[in-house]
Every structure is written in structure tokens, then in C-alpha cells.
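The structure under discussion appears below in the form of C-alpha cells.
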Amino acid sequence: MKRQALAAIIASMFALAACGGEPAAQTPAASAEAASSAAQTAAETPAGELPVIDAVTTHAPEVPPAIDRDYPAKVRVKMETVEKTMKMDDGVEYRYWTFDGDVPGRMIRVREGDTVEVEFSNNPSSTVPHNVDFHAATGQGGGAAATFTAPGRTSTFSFKALQPGLYIYHCAVAPVGMHIANGMYGLILVEPKEGLPKVDKEFYIVQGDFYTKGKKGAQGLQPFDMDKAIAEQPEYVVFNGHVGAIAGDNALKAKAGETVRMYVGNGGPNLVSSFHVIGEIFDKVYVEGGKLINENVQSTIVPAGGSAIVEFKVDIPGSYTLVDHSIFRAFNKGALGQLKVEGAENPEIMTQKLSDTAYAGNGAAPAASAPAASAPAASAPAKSDY
């Protein structure tokens, strides 16, 4: 069963069919409309008060549009915690605890200096209280006490986004690890006042480790296993909450020549991610989601409860595999994604296979040919795991 599950994962990575799920790009018209609306809001705001703006938030892998204003605002963010059963893998379901109905929660994008007002609701069907700790907030608990909310209740609090960067938010109700392990995390981007450089495509990706009673691939609804979580022995390590969430039909898409920016988080609760895109080198990495930029990076560490921003230009077409390069997590536990790039081949950068000839090894006489061994009932394609 485990081999069959792995086969399904890897097969999806190399499917050549066209993929959906591409985040919608903001058009110039939409950007101009948003800018005009924001300008009108600012003009109508009484002196000494911040204009009030409703946040545009997005489910992964989509990213909210860039901030298109040069002044601070009060940004209103609505969040709802929902406990729901969803697919973890083929034939496998899990009772997730979520922000806004999915894992990760919606991505939030604000500007340095904004006041973020959070309206936090806990769905009446929830079985326990929930809250949110914003790593972007300065103050005890990151808002956890202010947002502690029973089922069927709504709490409101605000914080000022003092420092730019990419930050995790997560539930912090005891037992904290259990709430996070069930999927309660997401990212908030605090753009610097001057904004970020423009790129062609942006994607939102968060890794998480999940602890089920049954082993990976065990069918049916799988409950949370606290003993495995304490021992840090996950059955699943995945991007965006589910096996195959950004692979196969859900693959990310770009075109050759485009610059891609990925906002990468790690909800944990336990494992550190070694994030890597097979066949690419990160031109820039905003280390741990902060101001420091590293260049020409092959893999970057994303700590549990942390983040990184990676940028790279895709020069040639192909299927680029996203992995946690603690590699058994990728090919055996689900930490696989896919970026499909269309465009013209460029043999100056890389060719296809040019030849395939016999080799006897160190000048020795060629060995007599032997009958071909039968292929094992394995899961990976014969030619490559990539």
C-alpha cells in the first residue's frame, strides 16, 4: 500500500498534462481600480484618522495583490476558525482545524506602519476555543489572549505592523502543538514602505507535518496521534495541507523567462524544512523572511514557525519539483510540489540527452550481456525520481 501511494505521488509529479490552479495575475485595470479606490478612501478620511481598508486575503497558493499606496491605513482582517474533515491523501481523510476552511489559512498582506484590526470568529460547530498568535505583532502573546474565542463567539483586537517581513500566524490555545499539528497556521506579509520589487508570478506555500494514528496511506478517517507528535515522528510532511496540493492538476505554472517569487512558510509544529526547487538556483533568498538577502542559494532553511522568501528566474521550460530536501520526507511522506514552466527550449543553458553508449568500466573488456533483470514492483519511474 505504501509503495502504491508513493507511486501515485511521484507519477503525479511527472504527468505532462496541462495543469490548472494558476494564481490569477492582477491586471493593470484591476490594479488601477484598487489604487483609485484607496486614494478615494484616503481623501475622504478626516484629518488625523487612518483610512479604513478591508484586507484582500487569498487561499494558497494564490497571493494578495501588492500594496499600491504610500500611506498607512487601518486594515480590517476577518478570520474564522473552522474544524472540518478533508482529504489528506487518496483514500485518507483527516479532521483538520483551520483558519478560514483550509490549510494554510488565508495569506494576509499589509504595509509597514498599518494598523491591523482583526475580527476573529470561532464557528459555532467548533469543539474547542481557538485564537491566533501573529508573529508580526509586537506585544505579549502576539494577540493570543485578545483573540481567545469560544465556539460561536467573535473577538476583535488590533496591532500595529511595525517591522516589515514575512511572518507566521498560528493558533496558540493549549495544547498549542495539537492545534498547530491539526493545520492552524498561515502567513502575513508586512511589505516595507517602499514595497517589494515587481515579479511576474507569486505563490504562497506552507509546509506542515501531520501525525495520524494510521501509517501513511492507511485508509479512512485518521485521528490525530499525540504520542507520535511528541516523538516528532510524522506520517505526513506536506505542502499546503494535503498530499499533491501543488502537484499534478494543482501544479504551479509559469513561463520561461519569468521571475517567480515564492512566499514559503513552515507551520511545523516540529520539523525544520530544507526547501529546494530541483533544477533551479534561488537568485535571492530573504533569509527567514526578513531584510537580509542571500544570493545564489541551492536550498534554504525554513524553521518551524518561520518563513523565507525565494526568487528565481525560470530560464527554460520543464517540470520543476519542489521538495523538502530532507529527502525521505519528499518521496516517502508527501513533501512534493511542482512548478510547470512552458516555453522554448534553450540548449545553450541545458540540452536533452545527447548520447547513450555502452560502458565497460575502466578500460576492461565488455562483459557478456546478461538477461535483463525484471523490474521490481517499485513506485518510481525507471529513468529518474525527478
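Any Cβ shown, glycine's included, is placed from N, Cα and C.
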243-266, 291-314, 363-386 - the one Swiss-Prot records as region 'Disordered': 363-386
Binding-site residues listed as H130, H276, least Cβ neighbours within 10 Å: H276
Listed binding-site residues H135, H276, H325, filtered to Cα within 10 Å of C171 (Cu cation 1 binding site): none
Nearest of the binding-site residues (H130, H179, M184, H276) to H325 (Cu cation 2 binding site), judged by Cα-Cα distance: H276
Cα-nearest neighbour of M184 (Cu cation 1 binding site) within the listed binding-site residues, H135, H170, H276: H170
Cα separation, H170 (Cu cation 2 binding site) to H179 (Cu cation 1 binding site) (Å, whole number): 8
Position of peak Cβ density within 10 Å, selected from the binding-site residues C171, M184: M184
H135, H170, H179, H325 as binding-site residues, winner by CB count within 10 A: H170
